[in-house]
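Structure record follows, encoded as structure tokens.
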Amino acid sequence: MTTNSRPSALQAPGLQIFSMLKSSEEDGFMSSSLTLDSDNIIGVTENNRQEFYSTWRKPSLLSSRSVLHEYSPTIVGSNDCTFSPITVGKTTKFFNWDDIISRIFMQQPFGVTHQFFEEFRYSIITSHFLNDMNHYRLSLHLDQSIMNFHKSSTLLKNVPPKSVPFMATKYGKLAVAEDKKLYFRQNFNYLSMIITSYRVLTQLKKYCRKKNSPGLKRVVILILVAVYLSIQQEYFRRHLICYKTLLKVRKVLESLQQVDVMIHKYHLRFKEIKNHSFISRVSLISIADEHSSVIKELLVFSSDALFYKLKSIIPDIVIFSDTSELSKYCELYGIDVPNLYYNNTTTVKDLDGKLYRLKLLKKFMLCCLLSLDMTGNENLSNVNMRNALNKIFPDYMARVQLKKKYNPIGTFQNIVSLLRGLHSLLSTVLVSLNDHKQILYAFPEETSTNTGCERANVCSFSKNDKLFQALNYLKMIENNLLAIDIRNGITENDRNIIEDKLEELITFWKTSKICGNISRIQKVSPTNTINHGFHLDILKGRKSPRSSSVQGLSLERKVDFIDVAESVNDSFENDTELEEYEDYDCQEECSAGSRQNHRVDFIGKDSCRKPDFKQLSDNELRRKLDERILKLAQENREGRERLRTAKSFELLRKAQASMSVKFGFQKPLRDDAFLESRPLSKCKVSSEETIPFLYELKGLLGNDS
């Protein structure tokens with residue numbers, strides 16, 4: 001190596017790269033070259049270029065710009081280590097091989113993946129969709145973050161626009177394209193270099209006799225240099241891919257949040273215009289209809305485009321997910337697998353259904369990203385979830401079988417390419433929504449009187465309700481049906497499970513009393529709860545035979561009979577009681593004088609039978625007294641109701657007759673207009689409770705005329 005000439009490209013030190021990659025880059029990471037931005041790379045200006053190259057020969061004279069920092073991609077997770085050219089002093093006769101080898105293998109290329117995946121999961125969990133309440137309070141700030149791969153520093157402004165030869169660095173060969181992008185080409189394959197080095201060292205150990213020969217040291221040093229370069233290039237490549245993956249995920253989450261906010265605003269505006277057109281009558285109603293149609297078209301376009309895009313990329317993401325973890329995340333974030341199946345396989349036409357299925361699919365995509373398989377252990381997969389995914393996505397099992405072996409970096413590369421297409425669609429949808437933003441502020445804001453929630457709860461039953469429990473049984477049957485592996489057919493075990501669930505549901509439905517609960521929740525007549533005037537209904541716990549017959553007879557009910565010795569006086573007493581009740585019913589509508597005579601006769605007859613009642617026991621006397629009081633109270637109440645109803649309908653007929661005279665209706669028209677054209681026996685509204693409705697109908701007919 002000469003000291004009076006500039007070192008060649010092969011002797012250039014490793015560049016310290018801290019770059020923000022452009023999201024519009026089309027080249028993949030597995031292509032022939034790696035792409036970086038040139039705006040944010042620490043470089044060397046003309047003033048310090050000579051110093052930069054001279055420090056390669058004198059490591060102790062390295063400037064502060066060439067020293068690696070804690071955010072360098074080569075030392076993430078290691079603060080006490082800096083990489084510099086390995087030199088051996090001239091006076092050093094023996095040096096420690098263990099120290100050199102430990103420094104070479106200190107950075108494992110695979111260690112960055114686990115650190116990245118924790119930050120990757122944290123970014124998704126704290127997103128707008130999975131943590132709506134506290135996502136702005138849970139930002140992650142780490143000293144050793146994957147995002148520290150890029151740090152703004154001195155710009156490389158003097159990079160030539162074209163560089164024909166590649167410059168060799170420890171991260172690969174560097175070249176500059178016309179669009180100011182930096183391309184890195186990996187020239188040391190990590191696995192092949194490790195295997196080749198291991199074979200060479202094995203052969204040296206087998207055939208080399210002199211362990212301290214200078215030739216052996218030179219060969220070993222060359223092997224260690226090659227291993228070191230392969231480790232650095234693989235580490236840089238993995239760190240770069242993880243950085244771009246996390247960057248793309250954050251951009252997609254931000255775009256999803258912006259699109260979701262705009263869709264929510266348009267949906268609210270659409271509801272306001274629709275409600276305003278029904279509530280108020282304004283002159284701008286034609287403009288409102290026009291704007292509502294535009295908003296509906298925007299919402300349908302946005303929801304359909306995003307839904308079908310997610311539907312196309314989710315099958316490519318879910319094959320990399322661990323089904324057991326995916327099942328846990330779906331349960332945690334309230335994603336119902338049968339509901340996902342119905343929304344993914346059926347056609348939805350209404351706007352609310354389109355927005356709901358889009359929201360459901362977005363959450364499912366994030367759950368798929370959270371459950372990416374980082375262990376490569378497929379033995380712990382959830383069989384039920386796998387069968388359900390095979391029904392939701394018909395080619396799921398075929399894709400899983402064609403998938404390559406466990407390779408997390410390859411998985412992240414595929415995810416970045418899928419998210420890049422989704423991000424471009426989100427940008428297009430967001431531009432379209434922003435172009436029509438003036439519709440959101442076209443009218444003055446109306447104050448909404450409806451303070452209820454936007455969407456009524458579909459199932460308003462409590463957990464203790466029988467119907468709610470029956471729906472839970474049906475949901476369990478749906479989950480069992482989706483968990484059946486259709487490739488092997490329906491086995492006897494699956495059939496028995498479904499039949500047992502159905503039998504449990506049928507048994508539960510038969511034993512429940514849902515119909516009884518519904519029948520009890522009926523409107524009670526005001527005459528049964530509100531009693532005007534004096535009445536004798538003092539024993540509400542007991543019911544008379546006449547009132548019990550109205551509710552229906554129960555032939556299965558047991559009746560207790562009391563054995564009483566019947567005599568001639570008892571039979572005579574029963575006959576006279578029946579005659580008294582019939583006499584009382586006939587004379588209730590007569591004058592007060594006849595009632596007084598009836599009372600006198602009644603008292604007189606009772607006075608004749610006073611000695612007969614002394615022969616009865618206390619219980620028999622109490623029972624007879626209760627029956628008589630209940631009978632009198634029931635007859636009194638029914639008589640008052642009949643009288644009140646007759647008077648009310650008489651007043652109604654008089655009012656109808658006066659209106660017919662006032663408006664001059666002819667006989668046929670009057671027969672069609674009023675209810676007196678039909679007899680009351682044919683009228684469905686013949687109770688006292690329906691009279692207010694008849695008055696309202698009369699008022700409406702009068703207003704329309």
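From the backbone N, Cα and C atoms, a Cβ is placed for every residue, glycine too.
According to Swiss-Prot, the N-linked glycosylation site annotation covers Asn275 (among others), on the basis of sequence analysis.
The N-linked glycosylation site feature in Swiss-Prot is assigned to Asn343 (among others). The DSSP secondary structure for Asn343 (N-linked glycosylation site) is helix. There are 21 other Cβ atoms within 10 Å of the Cβ belonging to Asn343 (N-linked glycosylation site).
Annotated N-linked glycosylation site per Swiss-Prot: Asn344 (among others), in sequence order, evidence recorded as sequence analysis. Just so you know, the Cβ of Asn344 (N-linked glycosylation site) picks up 18 other Cβ atoms within 10 Å once every protein chain is counted.
What Swiss-Prot lists as N-linked glycosylation site is Asn379 (among others).
The N-linked glycosylation site annotation in Swiss-Prot covers Asn517 (among others) and rests on sequence analysis.
Residues or ranges marked as N-linked glycosylation site in Swiss-Prot (evidence: sequence analysis): Asn569 (among others).
Feature annotation from Swiss-Prot assigns N-linked glycosylation site to Asn574 (among others); the stated evidence is sequence analysis.
If you look at the transmembrane segment (215-231), the same-chain residues 6 or more away from its ends with a CB under 8 A from one of its CBs are 86, 100-101, 104-105, 107-109, 170, 188-190, 193-194, 197, 200-201, 204, 208. Summarising the annotation, Swiss-Prot assigns transmembrane segment to 215-231.
Secondary structure at Asn275 (N-linked glycosylation site), as computed by DSSP, is helix. Across the fold, the C-alpha of Asn344 (N-linked glycosylation site) and the C-alpha of Asn275 (N-linked glycosylation site) stand 31 Å from each other. When the alpha carbons of Asn343 (N-linked glycosylation site) and Asn275 (N-linked glycosylation site) are compared, the span between them is 28 angstrom.
Cβ neighbours within 10 Å of Asn275 (N-linked glycosylation site), excluding its own Cβ and spanning all shown chains: 14.
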